[in-house]
Amino acid sequence: MRVSAGLMIGGSCVATAATVLNAFVINKQFYPSIVYLSKSNASMAVLYFQGIVLVYLMFQLLKSILFGDLRAAEAEHLSERTWHAVLETCLAFTVFRDDFSAMFVMQFIGLLFIKCFHWLADDRVDMMERSPVITLRFHLRMMTVLAALGFADSYFVSSAYFSTITKGASSQIVFGFEYAILLALVLHVTIKYLLHMHDLRNPQSWDNKAVYLLYAELLINLIRCVLYGFFAVIMLRVHTFPLFSVRPFYQSVRALHKAFLDVILSRRAINAMNSQFPVVSNDELSAMDATCIICREEMTVESSPKRLPCSHVFHAHCLRSWFQRQQTCPTCRTDIWQGRNGAAGGANAGGAAENNAAGAPPAAGIPPFLPFLGHQFGFPQAAAGAQVGGAQAGGHPGPFPHQIFYAPAPANRPEFMNLAPPPMPMAGPPGMFPMMPPPPIPQPNAAPGESSNAEPPGRPNFDRFSVEELHRMEGDMRDAILARIQAMENIMVILESAQVQMVQLAAITPLRRPVPTAEASEEETATASSVPTSVPSEEPSPAPSTPETASAPRSMFRGNLFNDTQSTSTPSTSAGPQPSLTPSTSSVPSTSSVRTPEADEVRQRRLAHLNARFPPPNPEHE
């Protein structure tokens, strides 16, 4: 069963009444009864608990008068901070064991009581910016709370100071520094309240409010850190190390560090927004949803909306306020520094976005890059095209540095470019790259109506573009030049990969002809005799029976760089003689190094048949 606050209050009142009645029944008089209550530990525990209940009731009454009903976030923050304050109070009791008394406990309870109102005032002022309606009663309550808290903090600071001066160092040092820190918090809340008030009185949004709030937070955190530092030094000289102040001191240092970094990063982000982020034109706004998600208002050209590197558009003043606290996109949470390094410059992005918004992509007739070679090296051309197209949907330019727009394939695309999906790679020998089937080779004897000899599509027409648009498409900035160099490097890698695969294919499939035997039939002999005399012969050398490999390939694209790499990566075959691949001067292929009478007879028949079918040319007719 959960114990409610009402049950605890009722039980405390009943226990207190029973304790007091018992003391008066035993002693019959007022003074002996008070002495009896003060000497009994059980009676003092009941009275202490009743005092805490009375403080709680007073807090609830003042809270309902000054703040009304608390929001869920305010109640949660108050509960968390109260538990931490109670634990710190218990640690403070261990430090001041000699000063422990009823007055000491009452002072700590009063300090916790005033701290709760400071926390509520801080949360309530922060809610001003998110509240749709600010009434006059709210202003009266806040001004009353801030004035009362400032007066109480000043009074207790001065009381602790004069008590330390007259009576020497005591536990009043703790209360003096605690109320001084609370006075700094009251100053911070007052500054935020005045800034919010000034912002509410302006018909338009106040752009510099976030800057003042950030600098005010930096100043207050610096004051808090200085106060905690002085308090730790004084406590080390008077008593011992204040263990109960470690957590708030660490929080103050961390808040100061965060505020300092926010000031630096916000200034960098605002400078980047003013100098590098492009301004969105009216055509782009009309082609997209022109609602700023920060202020939920329509964006116009007069408000100078800015486009982030992730292609999201917001008001300039909204981004300025947003960058005071964090340097990410409000929509996708992308870091603006990472996006800015991979995005295009302002001029290129603006020109490409205008072309895309007008519905006229500059490269409408350009097919995808190497459509007949992409699947040979495992490049997902379709997926890449879909990704680029998705990134540019709705008139947003993609992240490519000089804004290349990829158009879908034309409807009159030749059939030789409409290839089937790439098949699965074939398993090759161990240690080699997986082999892919070669592309279909057009037949030289194809019919005129077939599409194997179709011409590729012509060059696109750029006559309808102006000089400025062509310059924007060209991309003369540093990012565009680096992108073009990278594209040429990729082309070289693709061509060299094709050369390596062709060498590997030639190495694992050597050209060998079958050795004819004496039992060959007459049909096989006639078929073999029809081979022309210009076929090159493969003359094997007296090398060991190891597989014959071709020499290291030489790249036509990189000079000596690729050749050196291939020479180091190709196994050396200098241990044995290399095979000769040059055409032989003989008119017939050499079949075997061992000759038999049957083989000589077959050879003579072939020579006679070839001479009869292909007579030598007559020099007189030339």
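Even glycines carry a Cβ here, placed using N, Cα and C.
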One side of the membrane in Swiss-Prot: V25 and D123: yes
Non-local residues, at least 6 beyond the ends, that sit with Cβ under 8 Å of the topological domain 'Lumenal' (121-141): 66-68, 71, 73-74, 77-78, 149, 185-186, 188-189, 192-193, 196-197, 199-200
Local confidence of the prediction over the topological domain 'Cytoplasmic' (163-170), expressed as mean pLDDT: 83
Beyond the flanks of the topological domain 'Cytoplasmic' (63-99) by at least 6 residues, Cβ under 8 Å: 108, 112, 115-117, 119-120, 123-124, 127, 141, 144-145, 170-171, 174, 239-240, 242-245, 247-248
Secondary structure tally of the topological domain 'Cytoplasmic' (163-170) (DSSP, helix then strand then coil): 5 helix, 0 strand, 3 coil
